[in-house]
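Annotated in Swiss-Prot:
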type     : residues : note
REGION   : 1-153    : region 'Peptide methionine sulfoxide reductase A'
ACT_SITE : CYS8     : active site
DOMAIN   : 170-293  : domain 'MsrB'
ACT_SITE : CYS282   : active site, nucleophile
Amino acid sequence: MIYLAGGCFWGVEEYFSQVDGVLDAVSGYANGRGDTTNYQLIHQTGHAETVEVAYDANRISLKELLLHFFRIIDPTSLNKQGNDRGSQYRTGIYYTDKADLAIIDEVFKEKAKDYKKKIVVEKAPLKHFIKAEDYHQDYLKKNPNGYCHIDINQATYPVIDESKYPKPSATEIKEKLSADEYRVTQKNETEKAFSNRYWDSFDAGIYVDVVTGEPLFSSKDKFESGCGWPSFSRPISPDVVRYKEDKSFNMTRTEVRSRSGNSHLGHVFTDGPKDQGGLRYCINSLSITFIPKADMEAKGYGYLLSSVE
């Protein structure tokens, strides 16, 4: 069991109820003054809107849950998430098992690198948890158009642990990559269209960063765009890519880079299939390596098989 405060509990509860491996998500109030409060009193009693998350550790780890949690909050915002303001909307991770603190600290340390501002998420033992009123439970299931400050759909995307795919040193990168791979990933060059290794390949599997091995795209989201480069409707997870404005060649485009390796991957455009979200990730074959579905388990990517099937 872990207790997560991430702003309005309606969205947090609904998000975690959709995460594979979560057994139950319950809205409530935690770590205020005293063990009695309600929705009308929490701004006076100092409790935080919190979700009790029960999970099967054989299906999802605490670290994976916390990576999901950081996906849906702004950890640098004090007493504010989305449009909600007040101490009851502060972020926090409250634990009942002291052994969990080491994992929480590990995630904090890793996530601190992603932000210029200080992380202000509370981490503390759970003092008390008071279940919220019945009308708050499963609120968004009962009120599908109700207020929610987070993107619930992201719950279905896999969490990919960046620490498993560290970036090699500059010397190691140069030794590992071919001259062409180096020019594309490190010097932002573009390979030739229609003569690269993956533009017309549609076998089942995943595509990973050629530098770090971090998973980036799934064959399930690959489509024939006619542009001569591999095209995808979305990344395998929203967490694994970064975006940058690119004004080279007298154009304004959105560059796509890998998260861990900071490799130049390509660009994203808005002329993709409408029924798949309307985006086209135009990616250099030299920036990625294909892992066939049959090899994913042996190469450590078995946890992503459901993203291919």
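Indices start at 1 and increase along the chain as displayed.
Cβ atoms here come from the backbone N, Cα and C positions, even for glycine.
Between the CA atoms of the residue listed as 'active site, nucleophile' and the residue listed as 'active site' there is a gap of 37 Å.
Using DSSP to sort the residues of the domain 'MsrB' (170-293) gives these counts of helix, strand and coil: 32 helix, 40 strand, 52 coil.
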